[in-house]
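All remarks here apply to the structure that follows.
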Amino acid sequence: MWLQLTLAVLCWNSAIADIDRRRNSNPTYYNVGGVLSSNESVAFFKDTISNLNFKDKYVPRGVTYHDYSILMDPNPIMTALNVCKDLIAHRVYAVIVSHPITGDLSPAAVSYTSGFYHIPVIGISSRDSAFSDKNIHVSFLRTVPPYSHQADVWVDVLKHFNYMKVIVIHSSDTDGRAILGRFQTTSQSVDEDVDRKVVVEQVIEFEPGLDSFNEKLIDVRSAQARVFLMYASKTDAEIIFRDATYMNMTTSGYVWMVTEQALDAANAPEGLLGLRLVNATNEHAHIQDSIYVLASAIREMNKTEEINAPPSDCDNSGSIWQTGQVLFDYIRRQRLENGATGHVAFDDHGDRVHAEYDMVNIRAEGEHVAVGKYFYSKETQKMRLELKEHEIIWMGRSSSKPEGFMIPTHLKVVTIEEKPFVYARRVDDILDCTSEEIPCPHFNISEEADQLYCCKGFCMDLLTYLSRAINFTFSLALSPDGQFGSYAFKNISQPGSKKEWTGLIGELVYERADMIVAPLTINPERAEFIEFSKPFKYQGITILEKKPSRSSTLVSFLQPFSNTLWILVMVSVHVVALVLYLLDRFSPFGRFKLANIDGTEEDALNLSSAIWFAWGVLLNSGIGEGTPRSFSARVLGMVWAGFAMIIVASYTANLAAFLVLERPKTKLSGINDARLRNTMENLTCATVKGSAVDMYFRRQVELSNMYRTMEANNYDNAELAIQDVKDGKLMAFIWDSSRLEFEAAQDCELVTAGELFGRSGYGVGLQKGSPWADLVTLAILDFHESGIMESFDNKWILQNNMLNCEENEKTPNTLGLKNMAGVFILVLAGIIGGIVLIVIEVVYKKHQIKKQKRMEIARHAADRWRGAVEKRKTLRAAILPSQRRAKSNGLKEAGSISLVVDRGARRRDEVPRIPRYSPAYTPDVSHLVI
């Protein structure tokens, strides 16, 4: 700690010692040069330097100032030589230069000569803007402001009189262009009066040395502005005033404000307002302020800087005097609160600021009367304007302030097609427009031809009412590029390209139109360039999407129950049927037992009848036969009937909820929906390129991720985006709530999601400083109060469609074929199944009949064979005794008897001949059996 303090003290002492060393090494004599216009000024310069040495405020003790001065020579070359011989040779630290009585180049010669060595030059009368260029006049300062600084006074005067649109007339020389540039910069600077910016309607530039100004004045006669700001020399001003007076442009209603040179024109008209610099010709006052500023700078510089001696010879160029550069910066930073010419200060270019002006009014016979002043206020430390308005005599000897503009009675109005505010219908002839439509041609940029349209809608009715209320006529046209307008680079590939407005805004900004009547959103970006009326409709931003329709499949009727429950129901039916069969089968009081006793087995409850009974109870169909007989089975049947009642009631209720009462809700909850903030690949959202909604998303930092995603999907117009939402190609379209609510009212399949955000309003757009702005605003406020706006809403936006959609929301949905198609398919499947089964049954039955026929044939054949066998057995039983007797009586007799018997048998019975009996023989009847 002590070590750090010790080091700090040592460093401080070292710095103090270094400053003392520099101070001791700095010179104690300072020579100041002067190039003045008269002997009186030279004498005053010497006296002021002498008196300065006795002023401790400016000169420290031990320092002395000496003066060296010469008279200004009209010849600039002689002036430069005299500066080298009489001033630089005496090592002057700075030169104070005046302006010659005749000639304009001598101060420049002094600046060039001294500036070569970086010797500071303080001008006390040169006001040309060229001296502000530090690339040429590297070390030049001045206690008088350049002529271009009068533009600052102009801006304050115009705002005081509320003249927001002007015409600037200036010469094409350096000062003329400088005053125009400064005026445009100052008038558009952002300050506390951000809404009160002066607009230059037209600029007229002329070459000095005019012969006639008529052609230029003819071009501005049709302009709205009647306030002329003019910078011109005295001779040029006389030509301009002559021609303006001849064209009656210096009469009542016109306002002319001029700079100091033009104020001295011999034919300056009565009522002219001009500026005059205070102490502009008081050379002694400027000499005094210049010397005191220089002394203050050297005193301050002596404290911290090392001052080297200035150069003493123009013949030896040597090196640049570094001390001169430092001294210039010190002089530029000085301020004199109570100088002889007022508050003395300099800007970065070394030009005088806070100079005071008088506002002069030209009276009869060329009398100049001061009616105000522009001065530095010590309280606010700003320039302040004070005017005596009641003493001003205006053009035409009027005592009342002119309006400053001419209100045109015919306006060019532009609009854009945007339902329901503007409907555009293509026609072949303007006569095809109906009584409620307004002709609105559209200039097709690609075809370079006009296309005829008829427009109607909310905004067209508003335009008609405005024209009647504030008394103007209009011609209507559609936006050339079909866009509201965006502020972007037109040709990005070209270097130095600037941003430009397109669409409706561009038509207004570049004065190709006077008014925009369209659903134009009021936002800060547009309000900076155009003027808006009060909103004629308040709205916000919302999201449009298509209602998500619940998919209806062929098995929609199965949705009330889950798959598990359906399986359990199916299993329960067959389990209950099986148990019913078993209970009735084994119960002593069942139909099966009674059937055995009574002999009526067909009435017994078999398994098929039990299944039929279980399904019949579940499906609430009549059961005609096959009911259980036993008490135990009937108890189970009643429980099953209760189960079926509950299942059927639950199914019916859920089916109504699924197919009728349930309504799909929006997929998005609003702009804060997580799927929008972190957009997924399958969720596309978009807006319109360059629209107010697009600008809103660019402003909102928290929506930057969402904007980067949706920027690639943005559409050229709202119509295409809305159609894609209807077609399902776009999931969410972000746009003005008025339009989207109208679309949702027109098509009940569309719905807006979430609450409104980015609330704003639609306004009528006008040019900056338009005289119609206040009139349009008052008319719109009157329309709101009288209910006209509400009638527009009912006619064009609501159209009773919103009510119909709300009624549809309250009524249940009607089931359609797509909801119940599965049921019909189930019936069709049952019919087809029945047909297939009956075909199978018929085929099977025919097969059984054939089989039965074959069995009958086989059985019949077997019976015949059996009968034949029996007959043979009987015959054999009758023949055997005879054979035995024949053996005993002889072979012949036996043979004859056998033959007789055989023939007799054939005749009687037609029995085929049977071979001799053998025990091993059996007839083959296999071919008779199927």
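Cβ coordinates are placed from backbone N, Cα and C, and glycine is handled just like the others.
Here is what TrEMBL says about this protein:
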SIGNAL    1-17  signal peptide
DOMAIN    430-799  domain 'Ionotropic glutamate receptor C-terminal'
DOMAIN    441-510  domain 'Ionotropic glutamate receptor L-glutamate and glycine-binding'
SITE      Leu668  site 'Crucial to convey clamshell closure to channel opening'
SITE      Arg698  site 'Interaction with the cone snail toxin Con-ikot-ikot'
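Counting every protein chain shown, 13 other Cβ atoms lie within 10 Å of the Cβ of Arg698 (site 'Interaction with the cone snail toxin Con-ikot-ikot'). Under DSSP, residues within the domain 'Ionotropic glutamate receptor L-glutamate and glycine-binding' (441-510) fall into helix, strand and coil as 20 helix, 22 strand, 28 coil. Reported as a whole number, the C-alpha separation between Arg698 (site 'Interaction with the cone snail toxin Con-ikot-ikot') and Leu668 (site 'Crucial to convey clamshell closure to channel opening') equals 22 Å. Long-range Cβ proximity for Leu668 (site 'Crucial to convey clamshell closure to channel opening'), meaning a same-chain Cβ under 8 A and a gap of 6 or more residues, is found for Ile543, Glu545, Arg675, Leu676, Ala732, Ala753, Gly754. Averaged across the domain 'Ionotropic glutamate receptor C-terminal' (430-799), pLDDT in this predicted model comes to 81.
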